[in-house]
Amino acid sequence: MNLHEYQAKQLFARYGLPAPVGYACTTPREAEEAASKIGAGPWVVKCQVHAGGRGKAGGVKVVKSKEEIRAFAENWLGKRLVTYQTDANGQPVNQILVEAATDIDKELYLGAVVDRSSRRVVFMASTEGGVEIEKVAEETPHLIHKVALDPLTGPMPYQGRELAFKLGLEGKLVQQFTKIFMGLATIFLERDLALIEINPLVITKQGDLICLDGKLGADGNALFRQPDLREMRDQSQEDPREAQAAQWELNYVALDGNIGCMVNGAGLAMGTMDIVKLHGGEPANFLDVGGGATKERVTEAFKIILSDDNVKAVLVNIFGGIVRCDLIADGIIGAVEEVGVNVPVVVRLEGNNAELGAKKLADSGLNIIAAKSLTDAAQQVVAAVEGK
């Protein structure tokens, strides 16, 4: 779950990290009033969306008058911002962040992720701030400096100083950087984050460090113990199908193809998408119904898949372990009858009571194609899409 920039900076303030004074606004009038609260300009106005590349798309602007602030807010509020990180529809702009402009002397980068290879939280710092860190890692990886946090000791001040020295910082900037490093690490660990990023972390012309931007990604599996973060969730920034799936504890990710996929188990779901592509098809989604594939969840899964107008056929791939395939077949039949599926449905059942499940599907009288194997299922669903 991602947070907006203004929400990230609210967290920074709670942990004593330096950031520009700013206010999130939902109307042009609020934006003008925010400028008055901040004081004399210039100001910076920023569209609040869960995507990078806002500046290049016109979603960030330095302004010198309240009239410019109002014009920016009127232009963007209620509209959609399209960046290189969004799809063609963009993300809705419901808030504008108005904050004091900062005199920038130099831009740095500081961020952290969970590194699965080392199984630790790893901090990354670079002198190449203001640029996508992925681009820096690809083109100039030697400019990224890393430290890993020991899970027993947590972050240590010497690690912050080590990164500061590698960035060429001196004097009070080393102390300021170390404080920011320790604060970010504390936020990361206490708030169960998967990602934290300040890009850019700037050195002002007055010789101080300021968190000019903030990006936070929370671990969705830990939100049950982070109620304040859970309340910050902005579902308008999420794919509505993904949000609906989450309510039913379905793992759904929208893709660009035309073959809907419903599978139990994440690994099997990825394998299913691979074999669909191997036979010339394009998956429309990743959908893992999990071990409790009840009729209700299967019905909801069908509704979510078919809400995508691009879907021309559905492939259901179920491995019956604890779950019996005949019960899954009952759920599929009931779901198809209730939802009114008007596209071909190919079902592959394997495992516990698979033969009985296949017989129920065959006897249902519905437009359900029972596949004999995963390869057969992939071939049949691709053929169905092609009208063969």
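Each residue, glycine too, has its Cβ placed from N, Cα and C.
Among the candidates Asn251, Asn258, Asn264, the residue that Swiss-Prot annotates alongside Gly321, Ile322, Val323 as binding substrate is Asn264. Mean pLDDT for the domain 'ATP-grasp' (9-244) in this predicted model: 94. Ranked by how many other Cβ atoms sit within 10 Å of their Cβ, the binding-site residues Lys46, Arg54 place Arg54 at the bottom. Secondary structure at Asn199 (Mg(2+) binding site), as computed by DSSP, is strand. Under DSSP, Ile322 (substrate binding site) is assigned to coil, being neither helix nor strand in the three-state scheme. The DSSP secondary structure for Asn264 (substrate binding site) is coil. Note: the Cα of Lys46 (ATP binding site) and the Cα of Asn264 (substrate binding site) are spaced 42 Å from each other.
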